């Protein structure tokens, strides 16, 4: 029986899938965790009658600048986590890397939740960022390597879905827990989830591809039987396609092929940069990750309240939650469309919608058309969610050979984190500079994002052959 005939997971396989997705959920969870908590955390909303609760202060006084440092240190941790992800994944395996991510998240969340001053807040936030950077590199690769070929692309979209669910959960929790006495629960809940993830890890299997590269063929067969229900053998005629599906190989009949290709030593980041053969997949992932961030999605998510604050001052938190809910529902279509429509086509449709939305947001803000700006921001998030959001994660393991996928993933996701940080840092100053103090010109920044996204997508389309 060929790999293509394995249509889905066993029940155990789906549980492993959920376990892996926990790291992406935590990434989204902490991306949004402080949004709703800012006022109570920084003492803008304080409980003057009870300054201490269970021996901890009900808030920690800090300026907006200090709070920005606490928030952005998460991105710095994410950058270093992604940069080191290939070393961790290749040394300790996909499962071992997941366990480390869980430990870092549990420790970082606990430190943050027990903090009584700014220093521990920064430390906790940095540890959680390290975990997120490691996890966001790990999850797409792990899922790809355990997935049956029939649902490999569909399953890859779940990484983005888990991120969006994490964001939505913390935004929703903020309505009930953003109080001086309860805000720490948001962090303790995250810590508890990661502790549970770590405790059940002995019952989770390692990636078959990783076991294959280590020469553990018998363990590989046993793992695939538990994930798919029976041993499957890959039968491919096209060498390029066979290489792209190598993580799913398992049968001893292909042992000779594995010895020559599957067990190549894992490449480091410097080796990937030096390799002319890997230049195409490396540039493809760099272009995909650049397009994702240069679209301005995080600027919109970070500053949607600020963008529309003059028109909707009393509905700020509800606007953010509504945008997140839209993002959640629009992440479902690519799960079903990715294999039917194709990766490149979904990206192109997504970019077309994002470009039109950018132009509409800019025009609406410059013309004081509040309704148009609000609708356009929503359609932009919708457009991002079904293409630009999930596809870059899906294609990592498809364009990179098994021995280089960890290193290429680290490079791509490190660039993603650094781009995220830079865009978040410059968005408001750039908007103000282009507007030159005129509120009726604040939409100009969206024209700039539209032009940058158009150029980066052209670059990606020339590189990606999918």
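Quick reminder: no glycine exception, Cβ is built from N, Cα and C everywhere.
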Looking at the candidate ranges 65-88, 209-232, report the one that TrEMBL labels transmembrane segment.
65-88
Check each of the ranges 32-48, 100-116 against TrEMBL and return the one annotated as transmembrane segment.
100-116
May I ask you to check whether the transmembrane segment (183-205) and the transmembrane segment (371-395) make contact, with contact taken as at least three Cβ pairs under 8 Å and only pairs 6 or more apart in sequence counted?
no
Okay, the transmembrane segment (346-365) and the transmembrane segment (12-29): do they have at least three CB pairs under 8 Å, pairs separated by 6 or more?
no
Per the definition of 3+ C-beta pairs under 8 A with sequence separation of 6 or more, do the transmembrane segment (315-337) and the transmembrane segment (371-395) touch?
yes
